[in-house]
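Copied from Swiss-Prot, the annotated features are:
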ACT_SITE  Cys92  active site, nucleophile
ACT_SITE  Cys186  active site, cysteine persulfide intermediate
BINDING   Ala6, Met7, Ser8, Gly9, Gly10, Val11, Asp12, Ser13, Met32, Gly116  ATP binding site
DISULFID  Cys92-Cys186  disulfide bond
SITE      His117  site 'Interaction with tRNA'
SITE      Gln321  site 'Interaction with tRNA'
Amino acid sequence: MKILVAMSGGVDSTVTAYKLKQAGHEIIGCYMKLHGKPNYHEENIQKVEKVANFLGIKYHILDLQEDFKNQVYMPFINTYKDGKTPNPCALCNRFIKLGKLLEFAKSLGCEKLATGHYARIENGLIKTAFDDSKDQSYFLANADKEALEYLIFPLGEMKKEDVKKFASTIEVLKSFATQKESSEICFVEDTYVQVLDQFMDTKIPGIVRDSSGKEVGKHEGYMHYTIGKRRGFEVRGAHEPHFVLKIDPKKNEIIVGKKEELKINEFDLEKINLFIDAKELDCEVKIRYRSRSTPCKVMINDDKSAKVILKEPVYGLASGQMAVFYDKDLVLASGFIN
């Protein structure tokens, strides 16, 4: 089978390419340039070239910087500007890795696209990975349903530690097993605020109010805060921790309160992405990547919006983040919290 493998220079994509080559497939590698970090790309391309030469495969360098900027980077900036919390990895997977890269794979005559994601595909649906601690099904849940039939995730049945051990047994790949893992958001080197600083003044002090509307302090600028944050702002006379409940970007104000005020029993979704045909779901939801699953009921509207009723309350729901719905280990749908 002719397969395009997304290669980043990391251990996961390297082992993915190696395993598929050993299984007898015709492999082509592809490195994606997504953002403007010349030294970053140069180092990674050298690693990809090293692996490609070792495996005896061709590789391509695909410049997707403009697409990445329009589909991922600027939406990231604008979502924070709107006082919401973005999920750039979900957008990148849909539009770039499983979008533009898949288009490129097809243009080369490849039957499948393989990546180093920790997840599984079964009967046209995304499943959680065997390694719960590395499961990436949450970030893949915004993928176009039509893309799933072309995807292969060879590491879905492996534990991360075993991937590293496997690489360490092959002389040429030993260095990949010990290299530092990439950060969660590839274009954020330190903090997201430093990224925002390139586009706007984030240090405009504003008012902190309690949930009754009373002014209780000052803050450093609303873009420094996300829902649930409990530090970096003033609350006069407070004797217990206060958390960000709401952000008002137009007024440059944040509303704070006690932890109990973060409790949510229902919420609305937009841009729902269904992998099964349904108008209602009785399932479990994750409201952020590392959150536990919560039982819920979902009522889906014709305009791709939905109402989610939780059977147990959750804390700190952030607009702009993605909610992902599961039936045990199967991904049923996703949507963005509104």
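In case you wondered, yes, glycine gets a Cβ from its N, Cα and C as well.
Feature map: annotations from Swiss-Prot on the structure.
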residue	record	CB count, 10 Å
Ala6	ATP binding site	25
Ser8	ATP binding site	19
Gly10	ATP binding site	18
Asp12	ATP binding site	26
Met32	ATP binding site	24
Cys92	active site, nucleophile	26
His117	site 'Interaction with tRNA'	28
Cys186	active site, cysteine persulfide intermediate	17
Gln321	site 'Interaction with tRNA'	21
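Note on proximity: of the recorded positions Cys92, His117, Cys186, Gln321, the one nearest Ala6 (ATP binding site) is His117, by Cα distance. When the C-alpha distances from Asp12 (ATP binding site) to the recorded positions Cys92, His117, Cys186, Gln321 are tabulated, the minimum falls on His117. The DSSP secondary structure for Cys186 (active site, cysteine persulfide intermediate) is coil. Spanning the residues Ala6, Met7, Ser8, Gly9, Gly10, Val11, Asp12, Ser13, Met32, Gly116 that the record associates with binding ATP, the maximal Cα-Cα distance equals 16 Å. For Gln321 (site 'Interaction with tRNA'), the nearest neighbour among the listed recorded positions (Ser8, Gly10, Met32, Cys92, Cys186), judged by C-alpha distance, is Cys92. Cα of Met32 (ATP binding site) to Cα of His117 (site 'Interaction with tRNA'): a distance of 15 Å. Rounded to the nearest whole angstrom, the C-alpha distance between the residue listed as 'active site, cysteine persulfide intermediate' and Cys92 (active site, nucleophile) is 11. In this structure, the residue listed as 'active site, nucleophile' is part of a helix by DSSP. The two recorded residues Ser8 (ATP binding site) and His117 (site 'Interaction with tRNA') have their Cα atoms spaced 12 Å from each other. Gly10 (ATP binding site) is 18 Å away from Cys92 (active site, nucleophile) when you measure Cα to Cα.
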